[in-house]
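**Student:** Sharing the feature lines straight out of TrEMBL:
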- 28-220: domain 'Citrate transporter-like' (DOMAIN)
- 6-23: transmembrane segment (TRANSMEM)
- 30-50: transmembrane segment (TRANSMEM)
- 70-95: transmembrane segment (TRANSMEM)
- 107-137: transmembrane segment (TRANSMEM)
- 157-180: transmembrane segment (TRANSMEM)
- 192-211: transmembrane segment (TRANSMEM)
């Protein structure tokens, strides 16, 4: 009968699901989760020493595993891959392939597969897929073919290419390191290239000519086809058409289509939405609607979707484009890697740093999510938020 795991093994096994749970929590950064797990291991092994051949395992020996050359190499490759993804250094390749798909789609498909395989032999697969994903989805939309017919072969091509070198995948790195520790011959970087190339040629031909025909036609349903609804503040000035009017008269200017959540008169002061309330200069109307309707309300009321920003100056004084025909509306999605994640537009000085003027904010309605109230400049943003 096999012996039961000791106390330390049981603790590590129990800590694993805890680590997986912490990594899924949006409110806790991944770095903090990793630090919590690492500190838990150190404290437990310090309080309950693990003895090997009558000698207690030191903390330094416990941490030596994190200095393994294979792990360091994997981390370095991830850093390089993230740098390529962030800087867009491989963007010219994506643009070239995008143009090639228009003129010669069949040949472009082969070039895409070969390029993905070659790049994945030296880089992490993730940045390569992230780089090609928007271009390939756009190609599928223009060609009116299922995205899976293009994306699946490219994904498998990156796996084929990753096997060609010792740094292509983390598995190769670990196997090479373990083999060296066991006293076997040291593998060089391209020892795997020849056998992988022989098999990979047939694999790429299969992915190019046969695999797309075997994949079922899938039409992914759109999760939400309705326009996004944004939270915005309409700033009333002395020149506004509704300045001095009652609240009911103000709504009449929009054919009573505008829905106002609340009226702000000064910082922290809310005014009741009574029909007889007079709209004064400096008031802010909190509204929720689609971008087109927000712009229509702005024009009807003579109000501004933007107010005074971090410098205290108006949009005109800061040099923003105020002519409507010169303006362009765009939407920016906040990602976890963004400087805006867990920060606000005001604290990051977004408008001054980017030259973009935030008008409204969209946040998907989720159970337990906080409602956006007040000036959008002070709202703490999170991944998935969309800034207009």
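In case you wondered, yes, glycine gets a Cβ from its N, Cα and C as well.
All TrEMBL annotations are machine predictions without curation.
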**Student:** Which stretch from 6-23, 70-95, 107-137 shares the most C-beta pairs under 8 Å with the transmembrane segment (30-50)?
**Tutor:** 6-23
**Student:** Could you tell me the mean pLDDT the prediction assigns to the domain 'Citrate transporter-like' (28-220)?
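**Tutor:** So the average pLDDT across the domain 'Citrate transporter-like' (28-220) works out to 84.
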**Student:** In the same chain, who gets a Cβ under 8 Å from the transmembrane segment (107-137) while lying at least 6 residues past its ends?
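**Tutor:** Cβ under 8 Å, 6 or more out: 77-78, 80-82, 84-85, 90-91, 93-95, 97-98, 100-101, 147, 150-151, 153-155, 157-162, 164-165, 167-168, 193, 200, 204, 207-208.
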**Student:** Using a Cβ cut-off of under 8 Å, list the residues of the same chain at least 6 residues beyond the transmembrane segment (6-23) that approach it.
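**Tutor:** Counting only partners 6 or more residues beyond its ends, the transmembrane segment (6-23) has Cβ contacts under 8 Å with 30, 33, 36-37, 40-41, 44-45, 48, 50.
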**Student:** Near the transmembrane segment (157-180), which same-chain residues lie under 8 Å Cβ to Cβ, leaving out any that are not at least 6 residues past its ends?
**Tutor:** 68-70, 73-74, 77, 113-114, 116-122, 125, 128-129, 186-193, 196-197, 199-200, 203-204, 207
